[in-house]
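Copied from Swiss-Prot, the annotated features are:
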type	residues	note
ACT_SITE	60	active site, cysteine sulfenic acid (-SOH) intermediate
DISULFID	60-93	disulfide bond
DOMAIN	18-163	domain 'Thioredoxin'
């Protein structure tokens, strides 16, 4: 188990961290209409998976906007994952006029968080992280932000995404 901090407090991450070069593990998430979505839903597409603790916070909001603005110009898909309820994710998208943002919820069973090693045990939230997968689901970039209130390395993640 790895440790990070959140607001400078130590946090334990559950699960096995996904590393560059590995095949990404499967997951089951809920979309905004409560439909189950799996990694295989996006087979044949490159993927930028942006993981945030809660979509309604300032840093998470900015992270979601930045990745969608920058990466949506590429051929692929950008997924934002949090444990927010699908209704809250849908409301956030609607209130911000962002119809093209794909938000997915891991609130049901934390399968994504456990499989990717990003469940913050003490908070039952997901650690801020970014995973870039090629069309065959090979992990080409993986970052778990060491302080949960900091931004990820946008440029490195976007460069990895563009270079697929």
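Every residue, even glycine, has its Cβ placed from backbone N, Cα and C.
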Tertiary neighbours of residue 93 (disulfide bond) (same chain, Cβ under 8 Å, six or more apart): 32, 99, 101, 103
Same-chain residues at least 6 apart in sequence whose Cβ lies under 8 Å from residue 60 (active site, cysteine sulfenic acid (-SOH) intermediate): 52, 53, 54, 82, 128
Summary of DSSP states over the domain 'Thioredoxin' (18-163), given as helix, strand and coil counts: 43 helix, 39 strand, 64 coil
